[in-house]
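What follows is a set of notes on a single structure, which appears directly below.
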Amino acid sequence: MHRGLKRGGKRYQEKEIYICKQMLSSEPMMRENQTLCTTFIFVAFSSLGELQPVLFVVFLAIYTFTVLGNLVIIFLIWVSPSLHTPMYFFLTNLSFLEMCYITSVVPQLLVHLLVEPKTMSVSRCAAQMYIFTILGLTECCLLAAMAYDRFVAICYPLRYTLLMGPRVCLQLAVASWTIGMVVEIAQTTWIFTLPFCGTGKIQHFFCDIMPVVKLACVNTSHYEIVMFFLSVLFIMSPCLLILCSYARILIAILRMPSASGRYKAFSTCSSHLLVVSLFYGTALFTYLQPKAAHTPDTDKATALMYTVVTPALNPVIYTLRNKEVKGAFWRIARRHPLNQAA
């Protein structure tokens with residue numbers, strides 16, 4: 001019986017060794033058969049067929065209007081000494097950022113509306129994501145800096161020039177760009193260490209974070225949890241600063257004795273509040289909703305809002321709702337030789 005146990009144990013050991021050898025020999029086979037993506041294919045608008053040229057014209061018009069509108073704002077602030085204030089320094093930064101932001105997405109979208117297949121290499125996709133995410137987080141921080149500027153202007157008007165001097169404004173702008181670069185370079189680099197496999201088809205029109213992560217060959221649950229907390233930390237922190245600033249601003253406005261003073265104070269904040277609402281509304285809906293709520297249609301709709309529509313609305317908001325910018329525009333228009341000749 002003892003010899004039988006030994007023989008049985010020996011057979012069991014031989015079987016275990018055989019299974020281990022099979023596992024070891026099959027693992028390289030799986031890796032060899034696994035095809036890694038070197039190119040992504042965007043299929044967001046492929047099903048629209050003949051409507052794609054129409055969308056090309058629409059998006060080209062919006063893109064041209066956005067770039068020209070922001071260039072006009074930058075030019076007006078640059079040539080008008082009356083606009084050389086902290087508020088318009090931040091607005092110049094925001095206008096430049098919006099031009100870069102929409103340029104990181106729309107030109108590639110326009111090309112894809114006219115050509116088939118709609119492809120992009122992984123390296124170019126990474127470059128687009130680097131630029132897009134850096135600009136997005138920088139805008140979050142810059143909007144918080146603009147809210148702080150309005151808070152100081154309304155709550156501490158006598159100390160405004162001291163608290164918001166040129167050096168402080170420059171430091172806030174540099175801090176916004178630095179936070180955006182450091183955080184998003186780290187996050188995007190982390191994402192593109194993942195292996196991507198399969199067909200490489202992305203149900204989107206640019207290299208946004210979640211559609212790209214879905215193509216990873218490995219379990220990304222830990223990555224998604226970390227990215228969610230990073231989004232909460234670095235998107236919600238500026239948002240909380242904005243909310244705190246405007247809570248203090250609202251209290252200060254309500255304490256003002258005259259109705260005209262309350263109206264004037266609120267009018268200086270209304271444009272910024274509208275931009276913040278548009279930007280954060282789409283950002284929170286996109287990046288802070290659970291994975292199960294993400295669908296290709298909702299992702300495309302919200303992405304169009306924050307990449308195309310919102311940047312196009314900002315020049316309109318800051319010109320039509322801003323008396324100082326409109327005044328600077330008409331002063332420069334009157335100096336034009338054609339107007340002087342008339």
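Each Cβ is built from the backbone N, Cα and C atoms, and glycine gets one as well.
Feature list (source: TrEMBL):
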type	residues	note
DOMAIN	69-318	domain 'G-protein coupled receptors family 1 profile'
TRANSMEM	55-78	transmembrane segment
TRANSMEM	90-115	transmembrane segment
TRANSMEM	127-148	transmembrane segment
TRANSMEM	168-186	transmembrane segment
TRANSMEM	225-251	transmembrane segment
TRANSMEM	263-283	transmembrane segment
TRANSMEM	303-321	transmembrane segment
Q: Go through 55-78, 127-148, 168-186, 225-251 and flag the stretch with the largest number of C-beta pairs under 8 Å relative to the transmembrane segment (303-321).
A: 55-78
**Q.** Intrachain residues whose Cβ lies under 8 Å of the transmembrane segment (225-251), provided they are six or more past its termini
**A.** 137, 140-141, 143-144, 147-148, 150-151, 154-155, 179, 183, 187, 209, 213, 265, 269, 273, 276, 280, 283-284, 287-288
Q. What mean pLDDT score does the domain 'G-protein coupled receptors family 1 profile' (69-318) have in the model?
A. 86
